[in-house]
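The block underneath contains the structure these notes are about, expressed in structure tokens.
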Ligand SMILES: C/C(NCc1cnc(C)nc1N)=C(/S)[C@H](O)COP(=O)(O)OP(=O)(O)O
Ligand SMILES: [Mg+2]
């Protein structure tokens, strides 16, 4: 026999979680003890539950799955925000919340950390709306089945789930976990459906002259990145990526043709998609943001959509066809069709050389982006926060192995600090560079203290343009002005007596260069470099993107 808490701990470790993120509370303390007892789990404290859930979201980007443990209501309500992000970003995060003693409802007790009624179901009901499975364990005997079935749903769908464990159940006895295959066994495509999808897709493409592959964000969660390269090699065509799929196809591949993001695309990417008579949309997600206010969406007639478990295009719709299997099968049936790659090379001039600014020059956004770009190595993971950081990051070239993380679907400003912290915990061998605006940083800045506590040598570039510049470009108002902070002093305040965090302020090109050289040497803690630039010194892409998103937001009511 084991206990409910230890059963859960075993399952979390079996799915590959080595570190779980927590904020303690009296409803989850016994559970935290049980998780801590497991030799394969390390507890990581967070400063609040919003950051805890975002750290788990970031950890899932690094490790494929994550767990965060919070207390009832006052904790879980904040954590819901990170769960929304995990849902939108296709990340299997397991939200675990303590909850009231199983006797309290029947005893008509009123309890702390509740809305002050006898209803203790509301949190579970809320969780059902933002997860693919939400369960409340009311009896120890039910724990094994509820835990197994809920965790399996997260693994199969790459979406978050919710498990609620009463404060008096974590140490109650239950049976030992069965084989891990119960939760880990993979699912295969339906063979006839897969065969039909591959055959019809090969036929569709054989009738096309100008084929392009468009890679979307779901290729990661579908574990299909290698299969995309296989298909690209077989076709020889141009391959472009959506902004939230940057780095999910190697930018050093000879057929890489850049980021397709309408007017915010990198050189030549939009033209080659517009020129194509077939666009193989792999794991793509078309939203108002990713299509620049619906101005950059390949026509339905040219789209062959290959999704996580479905293939759809003119006259064909095949279900239970898993992406990696479909792409590999298709790569064996298609013929070379390099027309779009040939054309892309005609269209695209060589990369413009950005000359370094003289050291004494006032720091510009362009010089800041140039110096950050030059730091990227194969071991780097760049986190680009919602803001002009998106547009700066999209333009940066990545060497083989470098990764790029962006939260374009949920777009919660402040995500990058806790998420990059969680990512760094999951992938300590990566050098994480985070680009975050001043407005975003102010939302979740406390989590830098955990970077100091764990001595994580992350470099944070804080883009200080004294306001919410994205919003300025969409629609300006006094509400876009924010209070300035002394960011360098703020970060160093977390050191107290023993921390090694460092803060720098760069107002010129030379100061930024010097700060970067110092930050590179600081291997015992985070280094934040405040890059002071003009409020209007933003990318031209942000200006155009903001214009079209504002237009999409401003459409008159139809009825
Ligand atoms: C206020 C808001 N979005 C609205 C918003 C408000 N609240 C949350 C949680 N998430 C959001 N996206 C956004 S994008 C700001 O421009 C971000 O400002 P900052 O971090 O300073 O970056 P830029 O200056 O480069 O835009
Ligand atoms: Mg700003």
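Yeah, the Cβs are placed from backbone N, Cα and C, and that goes for glycine too.
What TrEMBL annotates here:
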type    : residues      : note
BINDING : 438, 465, 467 : Mg(2+) binding site
DOMAIN  : 3-114         : domain 'Thiamine pyrophosphate enzyme N-terminal TPP-binding'
DOMAIN  : 199-310       : domain 'Thiamine pyrophosphate enzyme central'
DOMAIN  : 407-531       : domain 'Thiamine pyrophosphate enzyme TPP-binding'
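A simple way to gauge crowding: the CB of residue 465 (Mg(2+) binding site) has 22 other CB atoms within 10 angstroms, across all the protein chains here. According to DSSP, residue 438 (Mg(2+) binding site) is assigned to a helical segment. Within 10 Å of the C-beta of residue 467 (Mg(2+) binding site) there are 20 other C-beta atoms, taking all protein chains into account. Across the domain 'Thiamine pyrophosphate enzyme N-terminal TPP-binding' (3-114), DSSP assigns 48 helix, 21 strand, 43 coil. Look at the domain 'Thiamine pyrophosphate enzyme TPP-binding' (407-531): DSSP puts its residues at 56 helix, 24 strand, 45 coil. Those residues of the chain, other than 438, 465, 467, with a C-beta within 8 angstroms of the mean position of the Mg(2+) site C-beta atoms are 437, 439, 463, 464, 466, 468, 469, 482, 535. Counting residues of the domain 'Thiamine pyrophosphate enzyme central' (199-310) by DSSP class, helix then strand then coil, yields 36 helix, 25 strand, 51 coil.
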